[in-house]
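Notes to accompany the following structure.
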Amino acid sequence: MQAEWEELARRNWLEESDSQQKPIPPSVSPGYYFSTTNPFRDQPNAFIEGQEKARQGDLNAAVLLLEAAILQDPNDAEAWQMLGTTQAENENEQAAIASLQRCLELRPNNLQALMALAVSFTNSGLLREACDALRRWIRHNHRYRHLVQDSRGPTSPLQDVLLLFQEAALLNVDGVDPDLQTGLGVLYNLSSEFDKAVEAFSAALSVRPQDYLLWNRLGATLANGNRSQEAVEAYSRALELQPGFIRSRYNLGISCINLGAHREAVSNFLTALNQQRRSQSCSQQQMSANIWAALRIAISMMDRPELFQAANMGDLDLLMAAFQVGDL
Amino acid sequence: MFIKRQGRHHYLIELNANVEITLKSRKDYLTGDNSDIIPTDTIKNTVHALAKIKGVNTIEQFSLDLCHHFLTSFNHVLRAKVYMEEAPWKRLNKNGVEHAHAFIYSPEACRFCDVEQNLGTPVVHSGVKDMKVLKTTQSGFEGFLRDRFTTLQETKDRVFCTTVYSRWRYNKVQDVDFDAACCIFIIYSPDSLFLFLHLYTFLWPTFVEEIEIVMPNQHYFTIDMTKMGLNNKDEVFLPLDSPSGNITGTVCRKQRARL
């Protein structure tokens, strides 16, 4: 009987029945959804202030300021890029993808946007799109573009790009290129070779030890490779460097769930949601849906039905009181 | 019921909708002031009107549209809950050719959904119920714990029958193919719920975050005919209404950390 099921899985039974229905639309996002009420709409120097807010860790305010900057000048590629990376840090993946894609429409060779997009696609399980973004990264990178060849062997898109990055890494005999290593780390995550991904991110961190994004990426790689305890340490480093880093706090909560520390998990999720809410003019929509979903799961493991109901209702105040989570 | 006509080819979906809304105000209870109340008659009309205005593609999408309408058209609605069941109309089929506009009611399974939204992201569950399935062989039950009250005999081969109830939750509501997620697992039913949940997770789409399954074990017993001098080789059975065991389980997706 087990063999029957494995056969089904091999034949991708579910995908076969899919093919009779209309295909799911590709990952092209419908465009960026701007906040409906933006108090910074006409703010001068919105971009610079947005950058400053992001640096301070007030991600929600940063998002609003960057949106304002874009509404004032819709072709500001730098603002789109910053908005994309900030939304990713704020645990809003769809918004991040939409922003970064818009940035790349304006500036197709923007390496940071390509790398950030590859990460977002990886998080969303979109392997082909992630590989595509990384391939474009190499192609637009002066140091490595000569490695790209058009000949496509019978290997998969993932193996193709992985080979490219590995060849590129061999070129760096006298030093580590942290961006290249980040790309390698992302690719090894996609191929589930988590130990190699850990090595790559660690190499990048040796050059940039204060880069909280890298600490989070290392942590996430460790977590997805079932090294939850080490993941917690990496996330803690990231949060020391940037306490407002919502994504890392979300990840920390997830690792707490995996380690069976449900109370700590809930505490982390509530802290993150409170940070988002506390920021100026943040509506319910601007809190991350992912964090709410993870919070529901953590509470469901605690056998407290009244709190689970509160989580479904989105009653943050009740939950914060119940778990004694105060303002940071 | 909603009909969509594309030339001579007609599509239909018939559903039963249950809509609940929760209001912010209490003056209707405290002072008898009705000015905030949205009559249930209006709610009923809204369901009809939205079917016309937005069309009905899947019950999940229609439920989402209804919730969105009530939460955005009024500023005193706190929460909207919609439960829908879809009538099992199946297109008539002759020799593999589907009929353009004739259908037959085929209650193999009842598809339902519920959507709840409180001013934030809606939470969508879908499910199937009343799906009665049976297999006549390749089902067994052995190796269970025996104590002094155990009389059940181990068996390697038996008739297995159940009525499946399953409900699952989505982790996102945009760009979801709700039809694909409504996977019919009639053909291969398992020996035990454990194996079923474990193996079904190989197949479930990435946008399903949790699934609950309830399966009562509906027994068919071989009738003992030895007193009539007959050797019943598992050919004649007696279905048993009750008592029956009830097996339930819930599996949820392990969250991935985000790079």
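From the backbone N, Cα and C atoms, a Cβ is placed for every residue, glycine too.
No curator has checked TrEMBL annotations; they are predicted automatically.
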Open item on the list: Please identify which of B:ASN93, B:ASN95, B:ASN217, B:ASN231 is recorded by TrEMBL as part of the 5-hydroxyisourate site containing B:THR40, B:ASP41, B:PHE141, B:ARG158.
Closed with: B:ASN217
- [ ] Could you say which of the binding-site residues B:ASP41, B:PHE141, B:ARG158, B:ASN217 has its Cβ with the most other Cβ atoms inside 10 Å?
- [x] B:ARG158
- [ ] Return one of helix, strand or coil for B:ASP41 (5-hydroxyisourate binding site), based on DSSP.
- [x] helix
Task: B:THR40 (O2 binding site): tally of other CB atoms within 10 A of its CB - done: 11
